Amino acid sequence: HPSSSRRSRAPKGGRGRRPAGPSTRRCPATPSRRGKRYAVRGADSGGGGGTDGGADACPRSPSLGRRRREAAEEEVEETPQEKKLRLAKLYLEQLRQHGESCPVPGAVLGYSHAWGRGRGGPAHIVLSLQVQPPDPASIRVLRGHQLPVTCLVISPDDKVIFSASKDGSLIKCKWEVESGKRLCVVPGGKKGTEERHMGHASHILCMAISSDGKYLATGDRNKLIMIWDAATCKRLHIFTGHRDAVSGLSFRKGTHQLYSASHDRCVKVWNVAENAYVETLFGHQDVITGLDSLSRECCVTAGGRDGTVRLWKIPEESQLVFYGHQGSIDCIQLINEEHMVSGADDGSVALWGLTKKKPLALARQAHGMQDTQGLQQPYWISAVAALRNSDLLATGSHSASVKLWKCGEGFRKLEPLWDIPLVGFVNSLKFSAAGDFLVAGLGQEHRLGRWWRVKEAKNSVCIIPLKRRAAAASPHTPDNS
């Protein structure tokens, strides 16, 4: 993959990166990349240093001490390329030994191990064969927002749904089967009142929740990222630094490291636990419209009309660039650590492997065609969702339906399964961690603009139950946190 540009390192004089805002400080617990590199080199060459020093000092072993000193001098002369090769061989040997000593999760659980084979990675679950076609009568519609719902997330325990809207309000709800009870509402305020008002003062475009359920992050058109206590809906901090609307947020799984994407074309990294800014990544040539991440220290982004999807490798200071859509790429999500799905306003849905710069599968006109002022145009893909580590996908548009898909033939084919009737713009989709329901955020308008208006749509959150076939039911479920 071509690497388009290096990221900002903020050399002296502030060149290349905007200084952190007044409410943001540099993370004291995050060493520089140079510091990390030297620390690794020191650890590699200094392991057992005390024993070496004792051997060198021992008067009865002069030859042994001399040999150790000569070996140390040779190690200093090792080139970076040689060191990378040596470490890679050591890592592969450790993985091989680990694979021989530990059973593969897929073999234990009886799942189809379609990726991560031989690495002890998570199993890929063929879930599409178990899920039944959803019953439209079982869909629950939850009302509360005055304007279109733009984004939503589900808590890791599947008990609470957070949703946000163009009205600037943030609603925390714990959906009960009978009542759909609303637990907490944080109303929006007017522009310029952010310091006095707890809520956002402009359209909320994105949100993310940490994998431990502790922190909730929301981003708005007014360039702000707000950090909330997910349990109490209390605002904890405001991150500033982006120069345009914040359009994508994702917590790295298992950590409190937060990635943010913006219409200012850059990605920023934050340490939420320390209320600290870490660094900025540059490369996209147009507004970034979506972002996602999993456990690895990397994230993926959708680059709008620059026509690229990018994988940002944080430690390696590099990025991989993917091409395949013909229109603006508006949404993206990782399926597992090796595959992702994206959607664009040319009506296409693309299935990607992170080792190929072209899509593994591409479904054109995925939601059909519409008649716009006498012209036939494809329905825009406004939302995508993937049940983590499975073959089940969902896509949304304003075509009056949400579509479920199967990733077939080892992630080389997209096969449509069923249509779920939903009227309005589907601006956000999320599967529950257990895979037993799908949540859709609906609105009369697209989350990023007002190109069309579906008057008959209801600004709401819809919960779509996904029932399993009894014969194929399994107590084991994929991890979607």
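Placed from the backbone N, Cα and C atoms, the Cβ positions cover glycine too.
Positions annotated as compositional bias 'Basic residues' by TrEMBL: 1-18.
Residues or ranges marked as region 'Disordered' in TrEMBL: 1-83.
The compositional bias 'Gly residues' feature in TrEMBL is assigned to 44-53.
For 142-170 (among others), the entry in TrEMBL reads repeat 'WD'. Among residues of the same chain six or more beyond the repeat 'WD' (142-170), those with a C-beta under 8 A of the stretch's C-beta atoms are 180, 182-183, 185-189, 199-209, 211-213, 216, 218, 220, 228, 230, 233, 424-425, 427-428, 430-434, 436-437, 439, 441-447, 458-463, 481.
Taken from TrEMBL, the feature repeat 'WD' covers 197-238 (among others). Listed by sequence, the residues of this chain that lie at least six past the ends of the repeat 'WD' (197-238) yet keep a Cβ under 8 A from its Cβ atoms are 23, 150-157, 160, 162, 164-166, 168-170, 172, 184, 186-191, 244-251, 253-256, 258, 260, 262, 270, 272, 275, 291, 447-448, 481.
Model confidence over the repeat 'WD' (239-280) stands at 96, taken as the mean pLDDT rounded to a whole number. Under the heading repeat 'WD', TrEMBL lists 239-280 (among others).
What TrEMBL records for 281-322 (among others) is repeat 'WD'.
Among the features that TrEMBL reports, repeat 'WD' is placed at 322-362 (among others). Look at the repeat 'WD' (322-362): DSSP puts its residues at 0 helix, 21 strand, 20 coil.
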(message) For a three-state summary based on DSSP, what are the helix, strand and coil counts in the repeat 'WD' (239-280)?
(response) 0 helix, 24 strand, 18 coil
(request) Provide the three-state DSSP residue tally for the repeat 'WD' (197-238): helix first, then strand, then coil. (result) 0 helix, 22 strand, 20 coil
